[in-house]
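Asker: Structure incoming, see below.
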Amino acid sequence: MNELYYIDTHAHLYDADFDSDRRETIERAVAAGVRKVILPAVDSHSHAALLETVRTYPDVCHAAIGIHPTSINENTKWREELQRVRQMLKEPPVRWCAIGEVGLDLHWSTSSLTEQCQALVIQMQMAIEYDLPLILHVRDAWNEIFPLLEPLHGQIRGVFHSFQGTLKDYYQIKELGNFAVGIGGFITYKNSATAKVIEQIPIEDIVLETDSPYLTPVPYRGTRNESAHIPVIAAKIAEIKGLSVETVMESTTTRARSLFF
């Protein structure tokens, strides 16, 4: 790679939290060396703002399409939501770089597990059909998600967003094929259990993310997160793994480019 730069593989810069200073936020990111930012969808309510942001800042912002697992339950019209996703894949209003953010989330309730699993399987088939990587959200659902992914070994690829699993979880991810883990601001938190896991994960399997406006890294914790904080996350990973920041930048960007661009 001739020119070093960062990629933020997960940020919600279309969120209303950025309505007052979105342009300045993106300018700060670029000034910090973040040249590309991937914006995952949540559900159809996020589409208009996401598309407007990507169209306004096409050189920096890149779109993913999917339904977040917490937007799926027995009371929502999630099948209609999936039809919207399929239609937007069939007639893309912008270039999609991924299916996401999709997955399983059992943190708040397990009552919608069946619906979440059904929606994830359908969206994984969309990823295969359109040859797109997945941005996977997994929260308190490691035991449930692997049986859904394993039959598709070699057919799917992508990122386990905001990875805070165990080393065993990472090894299971490796068995799936071409998947990386997304590391964000939580790695900077005191007594982060993920730091010990990251020590053992090859840098080639890591990509950077902020999950803006959430999960702000130290020393900015307590304020809104933004893509300009990616270098803070990279520096912490470099410290944990005994690498140079430049090595972290080059490796994570190379992996992100290979998956999404």
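Placement of Cβ uses the backbone N, Cα and C atoms for every residue, glycine included.
Whatever TrEMBL says is automated annotation, not expert-curated.
Found this in TrEMBL, in case it helps:
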type	residues	note
BINDING	HIS10, HIS12, GLU101, ASP211	divalent metal cation 1 binding site
BINDING	HIS137, HIS161	divalent metal cation 2 binding site
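What's the neighbourhood like for each of these?
Answerer: Long-range Cβ neighbours of HIS12 (divalent metal cation 1 binding site) (same chain, at least 6 residues apart, Cβ-Cβ under 8 Å): LEU39, PRO40, VAL42, SER46, ASP211, SER212, PRO213, TYR214. According to DSSP, HIS12 (divalent metal cation 1 binding site) is assigned to coil rather than to any helix or strand.
HIS137 (divalent metal cation 2 binding site) falls within a strand segment according to DSSP. Remark: HIS137 (divalent metal cation 2 binding site) has HIS68, PRO69, GLY100, GLU101, VAL102, GLY103, LEU104, ASP105, HIS161, SER162 as non-local neighbours, by Cβ distance under 8 Å and separation of at least 6 in sequence.
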Asker: Show, in sequence order, which residues other than HIS10, HIS12, GLU101, ASP211 on the same chain lie with their Cβ within 8 Å of the centre of the Cβ atoms of the divalent metal cation 1 site.
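Answerer: Sorted by sequence, the hits are ALA11, LEU39, PRO40, ILE135, HIS161, SER162, GLU209, THR210, SER212, TYR214.
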Asker: List nothing but the one residue from GLU101, ASP211 whose Cβ has the fewest other Cβ atoms within 10 Å; the candidates are the binding-site residues.
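Answerer: Per-residue Cβ counts within 10 Å for the binding-site residues GLU101, ASP211 bottom out at ASP211.
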Asker: For HIS10 (divalent metal cation 1 binding site), what is the tally of other C-beta atoms lying within 10 angstroms of its C-beta?
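Answerer: Its Cβ has 29 other Cβ atoms within 10 Å.
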